[in-house]
Amino acid sequence: MYSNKTTTLVTAEEMKLIEEEIFSAGMPVASLMEKVALKTAQKIKELYPIKEKKISLGFMVGCGHNGGDALVIARELYYQGYDIVIYPPLIEKFKELTAHHFKYASSLGIKIVSNIKALSICHIIVDGLFGFGLTRKITDNLAEDIAIVNQWNKPIISIDIPSGINSDTGAVLGIAIKATHTLCLGLYKKGIWQDRALEYLGQVERIDFNIPPAFIDKITAEFPTTELLTQEKVQEILPLPRHVTTYKYKQGHLLLICGSKEYAGAALLSAYGARSSGVGMVTMVVPDSLKPLINSQLPEMLVIGCRETSLGSIETLPLLDWQKYQWVCCGMGLTKEAVSVVKKVIASGCDILLDADALNIVANYYLLDELKNRHGKTVLTPHDGEFERLFPDLPFVGMADRIEETRQGAIALNATILRKGAKTIISDNINTWIIPHGTTALARGGSGDVLSGFIGGLLAQNNFTDTISVDTVGAAAWLHQRGGILASEDLSTLGVDGVTLSQYILKAVNELKRNGQWFFNETC
Ligand SMILES: NC(=O)C1=CN([C@@H]2O[C@H](COP(=O)(O)OP(=O)(O)OC[C@H]3O[C@@H](n4cnc5c(N)ncnc54)[C@H](OP(=O)(O)O)[C@@H]3O)[C@@H](O)[C@H]2O)[C@@H](O)CC1
Ligand SMILES: Nc1ncnc2c1ncn2[C@@H]1O[C@H](COP(=O)(O)OP(=O)(O)O)[C@@H](O)[C@H]1O
Ligand SMILES: [K+]
């Protein structure tokens with residue numbers, strides 16, 4: 001019953017409100033701190049057990065309850081036989097509870113120092129300067145202390161969040177601790193999943209302290225929710241059951257509009273992505289000159305060649321029976337010349353996914369209103385650069401909260417937006433998913449083309465079900481990253497080209513199937 005919602009991300013405001021619910025229900029503040037800190041001390045003990053040699057821990061203790069947590073952890077580890085040194089630079093600002101714990105720790109004879117350099121003899125640093133209460137830039141002596149500690153190259157364990165990171169936006173407020181471990185307390189703070197915080201976090205673990213789920217639900221219901229997409233959820237979204245009497249047109253027909261003489265590979269890679277989705281039929285619309293290449297590489301695809309410009313882009317679309325297709329995926333390698341193509345796709349009334357040059361054309365020709373008011377479902381898959389080009393004037397850009405920006409973008413365009421990056425974000429105006437895992441092996445040309453084709457193929461198949469787009473897109477992105485991880489485990493980070501990725505996505509699908517109920521659902 002009290003297995004906490006491990007996947008919900010909270011802002012500092014939500015965390016404070018949840019904390020208030022706990023306290024007003026009768027839990028004393030000091031008892032909660034004691035419980036949280038004991039569990040955190042236990043985790044540190046597991047991470048760095050005392051063997052033959054003593055281990056010394058240097059604690060940076062702030063003035064708020066993050067500092068209070070640090071003092072309780074220090075005391076408990078002192079009892080367990082660790083050498084403890086405490087550095088409290090904000091001693092004159094201590095909150096009451098923090099001051100009590102400091103007094104008690106001092107009374108036990110724990111060593112207190114007044115210069116950060118005295119922690120240089122410690123094996124490990126514990127960062128309890130600031131948690132989610134940090135509001136302002138860190139400056140002056142404190143900033144210097146953090147710079148010194150970061151230079152030492154020692155293991156650093158941050159309590160709740162690395163000090164200096166804004167717990168909502170992930171922004172570095174002046175300077176931040178570069179942790180090797182972040183032990184996040186209770187619920188994941190949103191800032192931990194923002195791309196710009198990633199290099200400060202090290203390994204992240206959550207310390208559960210049994211927050212009653214009803215309190216979490218009550219508070220998070222009042223705010224837009226952001227959730228980590230888990231394997232269990234992906235298994236719920238993607239059984240893609242196949243009826244025994246199904247046939248190709250019942251498994252979805254995807255229309256890919258892509259490619260140019262210059263970017264022929266983008267068309268191929270998106271087709272390989274679509275192939276990995278198992279979609280029933282794929283028709284590709286490409287410039288005439290690409291037809292032989294596609295036919296030789298992907299013989300199962302239907303190919304419609306188009307008249308092309310002198311630079312080798314599609315000049316105009318032929319007459320298409322749009323109603324035949326369950327999803328239309330457009331933009332990969334199209335070039336910025338293909339303006340009339342993108343306009344026709346937007347006006348088609350079909351369910352569409354726009355990527356790459358289709359997004360650049362929307363931005364260059366101010367097609368945002370056409371996009372917003374169109375009939376049919378819209379999925380957009382920008383990376384950060386494309387996202388910023390799409391929304392240059394809107395007030396939320398520059399808010400510096402990638403997750404919130406993506407949600408606001410989805411609202412503004414009445415679309416599902418997948419924002420690519422180290423942490424992929426998928427949002428419509430109701431649900432926001434974060435893909436928790438990922439690999440830098442995907443940071444190379446073509447990974448995104450594979451993703452678009454794969455998403456398109458799954459959307460085309462799932463269009464026969466009542467699965468909402470944001471869930472299908474999320475599941476596709478989850479499998480895409482997982483495929484990248486499996487490929488890099490076999491072939492190294494250097495070995496994950498687009499074609500290889502498209503094949504390993506299928507390994508990720510099979511892995512899901514082995515771990516879940518697909519086997520039983522397959523013919524239902
Ligand atoms: N919620 C939970 O469930 C639980 C929460 N717990 C713990 O509580 C932590 C949150 O504690 P918190 O609210 O006391 O805030 P925290 O981050 O320690 O520091 C804020 C203090 O810093 C100050 N200050 C701010 N900026 C500054 C700056 N630039 N330079 C200098 N000073 C600055 C600010 O003072 P100000 O000057 O703004 O008045 C204020 O006094 C949380 O992360 C977790 O560890 C657990 O114990 C139990 C369960
Ligand atoms: N550091 C990283 N960690 C995890 N995934 C990444 C990283 N860098 C890029 N990716 C993923 O790789 C893909 C790149 O897409 P994109 O930039 O559109 O490439 P392209 O247009 O060349 O195909 C996205 O899915 C993105 O999330
Ligand atoms: K901290």
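In case you wondered, yes, glycine gets a Cβ from its N, Cα and C as well.
Here TrEMBL has D127, S163 binding K(+), and the candidate from N66, N141, N210, N295 in that same listed site is N66. For the AMP site, TrEMBL lists K420, G421, A422, K423, T424; matching the candidates G445, G446, G448, G453 against that entry yields G448. When the binding-site residues F132, T135, K423, T424 are screened for a C-alpha within 10 angstroms of the C-alpha of N66 (K(+) binding site), the residues that qualify, in sequence order, are F132. The binding-site residues G68, G421, G448 differ in how many other CB atoms lie within 10 Å of their CB, and the one with the most is G68. Highlighted here are the binding-site residues (H65, N66, F132, S163) whose C-beta falls below 6 Å from ligand 1: H65, N66, F132, in sequence order. When the binding-site residues D127, G421, G448 are compared by Cα distance to D160 ((6S)-NADPHX binding site), the shortest distance belongs to D127.
Spatial neighbours are here defined as Cα atoms within 10 angstroms of one another, and by that definition K423 (AMP binding site) has no neighbours among the binding-site residues H65, G68, T135, S163. Ligand 3 lies under 6 Å from the Cβ of the following binding-site residues, listed in sequence order from N66, D127, F132, S163, H383: N66, D127, S163. Apart from K420, G421, A422, K423, T424, G448, the residues listed for AMP, the same chain places the Cβ atoms of D195, H383, R419, I425, I435, G438 within 8 Å of the centroid of those Cβ atoms.
When the binding-site residues G68, H383, K420, A422, T424, G448 are checked against ligand 2, H383, K420, A422, T424, G448 have a Cβ within less than 6 Å of one of its atoms.
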